[in-house]
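Data first, discussion second: the structure below is written as C-alpha cells.
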Amino acid sequence: MKPRRSVLACPGSSVKMIAKAKTLPVDEVFLDLEDAVAPAAKVQARANIVAALNDSGWGTQLRVVRVNDWSTEWTYADVIAVVEGAGAALDAILLPKVTDAGQVRALDLLLTQLEKTCGLELGRIGIEPQIENAVGLRNIDEIATASPRVQTLVFGPADFMASINMRTLVVGEQPEGYDFGDAYHHILMTILLAARANGLQAIDGPYLQVRDPEGFRRAACRTAALGFDGKWVLHPSQVDLANEIFSPRQAEYDRAEEILDAYAYHTSVAGGARGAVMLGEEMIDEASAKMAQVVADKGRAAGMTRTTRFTPPRNESE
Ligand code: GLV
Ligand code: MG
C-alpha cells in the first residue's frame, strides 16, 4: 500500500485551497464535502471537486474525497457526483462517522454499481472509514472487515471527543484535569489493533492548533510511536513535520536494514544456520527481524536509501 504519512484536509468549497493542495508534498489529499463545507456550499463543492480531480497538475498524492455521513441527505448524491464525474481520478472515499458494517457495505454497493455504469475497474476505489463515535469504536472489527475496499481506519478526534462528552475544546490535546497518562490511549490502541489485525493503515486525525508546530509534533510523535501510519495535516506548515515524524529516522532505518541482512546471513547455511546471533552489542533473532522488517518497509515506502552496508564477519568459528 502507498504510504499515508501526511493526509491533507482540503475544503471542497475552496478552489484556491484545492489549487494549493495539488502542489504540496503530501501522501494523500482529501477533498472535503463534509464538516469543512457549509450546507449551502455543498452542491457547488461537488462541482469544484470533480473539476479539480479531472485537472492536470497533481503530483503523486492519493486523491480522496470525504463525503457526508449516511445520517444526512447528501451521501448518495456526493458519491454519485464524484464517481460519475471523476471516478478514474479518485483513489478512495473517506466515509465519516461510521457506526457499523452496514454503512460501509452500502457505500461498497453504490461504488460497485457506479464502477459498472461508468466502465471503471471494479473494486479499485477504496474506502476509508472514519471512527468518530463510541458506536463506531465498539463495532470497529466489523467495520474493518465489511468490504475488501477498506484500506485504512481513520480517527476523528473532534467528533469522537464530542460523542463521548470528553471535557475539552482543544482537539489533540489532553483534557484539563487528566494529568496522568494519555486520555486517548484506549481509543488509539483499539483503532491500531483493528487496523493491524486486518492489514489496514491506521491514520490519526487533525491537530487543530495550526500555529503551534510543537504541539503538532508532540501529538504526532505520540501516535507515530504507537505504530500509526500517518496523520491529517490542515496547513502547509504541518506537512514536512508529518512526513518526517511518520518516516523512520535515518539511523533507525539503517539499523533495520542491517538487522535484516545480518539475520538473513546468519540463518543461512553459509552463515552457520544460527537462529540467534549477536549484532554489535545486541542479540537478534526472528522477532528482531520482524520488528526490523516493519521499520525497513516504512523506510522503503518513504523512498529512503540506506547509508550503511552489512559486511559478513570473516571468522565464523566463534
Ligand atoms: C475529524 O473529522 C474530526 O472529527 O476530528
Ligand atoms: Mg469529524
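All residue numbers here begin at 1 and follow the chain in the order shown.
Every residue, even glycine, has its Cβ placed from backbone N, Cα and C.
So that you can see what the record holds, here are the features copied from TrEMBL:
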- Arg66, Glu132: substrate binding site (BINDING)
- Glu132, Asp159: Mg(2+) binding site (BINDING)
- 5-236: domain 'HpcH/HpaI aldolase/citrate lyase' (DOMAIN)
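Take the CB of Arg66 (substrate binding site) and look out to 10 A: across all protein chains shown you find 27 other CB atoms.
Counting every protein chain shown, the number of other Cβ atoms lying within 10 Å of the Cβ of Glu132 (substrate binding site) is 25.
In the vicinity of ligand 2, defined as a Cβ distance under 6 Å, the following of the binding-site residues Arg66, Glu132, Asp159 are placed: Glu132, Asp159.
For the pair Arg66 (substrate binding site) and Asp159 (Mg(2+) binding site), the Cα-Cα distance reads 15 Å.
In sequence order, Asp35, Pro96, Lys97, Glu132, Asn133 make up the list of same-chain residues 6 or more apart from Asp159 (Mg(2+) binding site) whose Cβ falls under 8 Å from its Cβ. Under the DSSP three-state reduction, Asp159 (Mg(2+) binding site) is assigned to helix. DSSP classifies Glu132 (substrate binding site) as coil under the three-state reduction.
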